[in-house]
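Notes to accompany the following structure.
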């Protein structure tokens, strides 16, 4: 039995739309083994009823992609998934399944694929690297596609960074969140995000944490996606009124994160108070960065 664990990820991180991601200390566990024939999938944990348990299962589909690249055909598979990452909440649940499947298949075959080869397979399944890259590699990752290849730069998440993560009990589909975005944006908004994302990446990579707060603002996606859920829009309005300037939408949403890096009790209390006043039930988890990424545990 091969056991792998994969971290959750937060993509975009404010202005870093479709290119910036950070691995977080929240995990999915996947166990796989080859069996004489057939396919057996068992799922437990968070949102287990939302996970397919047949050939449409994302872990299974990702394993098949890796097996094809390796040139191996298993006789049958048993897959056990334990979900710690909520589904369709903007925390990279799909990326975790994809990376876990690719890593497990590679290990089953004696690990012939390099890390970069596994990343390319994961990107092929997911369609973009912003979540799968930090899920596989850990840390803070800036990534992009150029001439059919994934290019990335990785840094460690600073040990002082904390991610106070508010997760609503209502999922938001990635397609719905993508469809909410405008096809054309104002030139000044594009320039605004280039400046903010450049400063944010420099601050995260250099460890100059005081430069993070003035770099987290966004004009390309958050305001449009916030309108998809009334309480989400209220969260952003209320946090702005409370001068909580390090709050951002995780991925496509609806999860919201307060990023902090020192003992900021009053800011945390304000954030929790705002979240708990919302209509939907929200769960708050205090997470940190994961600098290891996906790994085989046995």
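Backbone N, Cα and C atoms are what each Cβ position is placed from, and that goes for glycine too.
Note that this is a predicted model, so its numbers are computed, not measured.
Feature list (source: Swiss-Prot):
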{"type": "BINDING", "residues": "86, 87, 88, 89, 90, 91, 92, 93, 94, 95, 96", "note": "ATP binding site"}
Least Cβ-crowded entry, counting other Cβ within 10 Å, from the binding-site residues listed as 88, 96: 88
Where residue 94 (ATP binding site) falls in three-state DSSP terms: helix
Proximal but sequence-remote residues of the same chain as residue 86 (ATP binding site) (Cβ under 8 Å, at least 6 apart): 46, 47, 93, 167, 171, 255
CB-centroid shell, 8 A cutoff, ATP site 86, 87, 88, 89, 90, 91, 92, 93, 94, 95, 96, site residues removed: 8, 85, 251
Around the Cβ of residue 94 (ATP binding site), the count of other Cβ atoms that are within 10 Å: 21
List of residues, in chain order, with Cβ under 8 A from that of residue 90 (ATP binding site) and at least 6 apart: 10, 11, 172, 177, 249, 250, 251, 252, 253, 254, 255
Chain-internal residues, separated by at least six, CB under 8 A from residue 92 (ATP binding site): 8, 9, 10, 11, 21, 85, 131, 132, 134, 135, 251
